[in-house]
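Student: Not my notes, these are from Swiss-Prot:
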- His109, His113, Tyr130, Asp294: divalent metal cation binding site (BINDING)
- Tyr130, Val131, Ser132, Gly133, Gly134, Asp162, Gly177, Glu181, Asn266: substrate binding site (BINDING)
Amino acid sequence: MTIVIGFEGSANKIGIGIIKDGEVLSNPRRTYITPPGQGFLPGETAKHHRSVILTVLQEALDEAGLKAADIDCVAYTKGPGMGAPLVTVAIVARTVAQLWGKPLLGVNHCIGHIEMGRLITNAQNPTVLYVSGGNTQVIAYSERRYRIFGETIDIAVGNCLDRFARVIKISNDPSPGYNIEQMAKKGNKYIELPYTVKGMDVSFSGILSYIEDAAHKMLSTDQCTPEDLCFSLQETVFAMLVEITERAMAHCGSQEVLIVGGVGCNLRLQEMMGVMCKERGARIFATDESFCIDNGAMIAQAGWEMFRSGHVTELPDSWITQRYRTDEVEVTWRD
């Protein structure tokens with residue numbers, strides 16, 4: 001039996017989760033929410049995380065019914081992510097590991113999403129679409145690496161959606177992406193937007209620039225509604241994602257798709273991906289917002305896999321990095 005506690009705080013979510021041999025014992029989380037029209041700055045986000053992290057830690061232990069002595073390993077997000085929030089979490093994780101006398105493990109945030117998705121859905125060897133505010137990648141496992149077959153060449157799809165939400169002042173509570181999804185359901189007019197796919201790579205900066213420039217003019221002249229813009233943006237960027245995922249599946253000979261990351265809990269994206277999978281005779285796997293959105297349990301799960309395969313992060317090496325690619329990690333726990 002191996003019990004791992006995971007600390008996640010790479011962006012505006014702070015979460016601490018506990019995993020015991022594939023069972024989620026606890027997974028509390030807090031979100032730093034800013035006013036409509038604003039994003040979240042690293043310093044202010046880190047300040048929020050510092051104010052709640054010890055409370056979340058106590059909640060995680062209480063919900064799991066565990067004490068420090070029961071924990072076998074402390075895992076934390078090493079990167080990628082925003083510098084100040086990552087530092088906040090790493091400092092607490094290092095301190096806890098030393099106070100409790102437990103080994104420490106730095107975890108790649110992207111690997112955390114993948115391993116949590118595999119655990120929850122029981123997907124065996126899927127092509128992974130990883131979509132969030134900071135990342136957009138199409139990934140498949142090969143020879144001890146999660147290989148990146150396609151990715152954004154500029155901004156992430158979640159960042160595109162978030163920045164559009166700021167333009168038309170959509171609420172950040174509970175998240176801009178969720179509110180765009182709800183508004184898109186009421187849209188009934190499709191506005192043609194730039195569509196940029198290059199092989200298995202995508203670009204979202206052009207579509208964002210176009211819609212940022214055109215939104216107020218179109219809305220002020222009654223050419224469309226905010227709901228129409230949300231609908232059109234979603235349909236366009238999700239079609240791009242489905243296209244590159246299908247291309248990667250064909251390249252890899254895969255019959256499974258796993259969607260992970262915060263944008264992955266969007267039901268319209270899952271629906272569109274499901275149509276493509278059905279036409280190919282493939283299967284789609286996805287999780288709900290409990291595990292798609294950044295959380296501590298995903299770091300604990302990746303840490304559990306790493307710890308059991310012999311990984312440990314020594315204290316002098318327990319730094320953080322804002323840039324940490326998925327394919328940099330040797331995946332020693334898979335055949």
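Here the Cβ of each residue, glycine as well, is placed from N, Cα and C on the backbone.
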Student: How far is it from Gly177 (substrate binding site) to Tyr130 (divalent metal cation binding site), counting Cα to Cα, in Å?
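Tutor: With distance taken Cα to Cα, Tyr130 (divalent metal cation binding site) is 15 Å from Gly177 (substrate binding site).
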Student: Per DSSP, to which secondary structure element type does Ser132 (substrate binding site) belong, with helix, strand and coil as the options?
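Tutor: The residue in question, Ser132 (substrate binding site), is coil (DSSP, three-state).
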Student: Far apart in sequence but close in space: which same-chain residues, 6 or more away, have a Cβ under 8 Å from Tyr130 (divalent metal cation binding site)?
Tutor: Cys110, His113, Ile114, Thr136, Gln137, Val138, Ile139, Val260, Gly261, Gly264, Thr326
Student: Could you check which of the binding-site residues Ser132, Gly134, Asn266 is the closest Cα neighbour of Asp294 (divalent metal cation binding site)?
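Tutor: Closest by Cα: Ser132.
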Student: Check the DSSP secondary structure of His113 (divalent metal cation binding site), expressed as helix, strand or coil.
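Tutor: His113 (divalent metal cation binding site) sits in a helix per DSSP.
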Student: For His109, His113, listed as binding-site residues, tell me which one has the smallest number of other Cβ atoms within 10 Å.
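Tutor: Relative to the other binding-site residues in His109, His113, His109 has the fewest Cβ atoms within 10 Å.
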Student: Give the number of CB atoms, excluding that of Asp294 (divalent metal cation binding site) itself, located within 10 Å of its CB.
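Tutor: That number is 27.
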Student: Please identify, from the binding-site residues Gly134, Gly177, the residue with the sparsest Cβ neighbourhood, meaning fewest other Cβ atoms within 10 angstroms.
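Tutor: Among the binding-site residues Gly134, Gly177, the sparsest Cβ neighbourhood within 10 Å belongs to Gly134.
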Student: Hey, does DSSP put Gly177 (substrate binding site) in a helix, a strand, or just coil?
Tutor: helix
Student: Excluding His109, His113, Tyr130, Asp294, which residues of the same chain place their Cβ within 8 Å of the centroid of the Cβ atoms of the recorded divalent metal cation site?
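Tutor: The surrounding set, listed in chain order, is Ser10, Cys110, Gly112, Ile114, Ser132, Asn135, Val260, Gly261, Gly262, Met298.
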Student: So for Asn266 (substrate binding site), how many other CB atoms are inside 10 Å of its CB?
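Tutor: The answer is 25 other Cβ atoms.
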Student: Among Tyr130, Val131, Ser132, Gly133, Gly134, Asp162, Gly177, Glu181, Asn266, the annotated substrate contacts, find the widest CA pair distance and round it to a whole Å.
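Tutor: Value for the max Cα separation, rounded to a whole number: 18 Å.
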Student: Excluding near sequence neighbours, so keeping only residues 6 or more apart in the same chain, what lies with its CB under 8 A of Ser132 (substrate binding site)?
Tutor: His113, Ala156, Gly158, Gly261, Gly262, Val263, Gly264, Asp294
Student: What does the structure give for the C-alpha distance between Gly134 (substrate binding site) and His109 (divalent metal cation binding site)? Integer Å is fine.
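Tutor: With distance taken Cα to Cα, His109 (divalent metal cation binding site) is 11 Å from Gly134 (substrate binding site).
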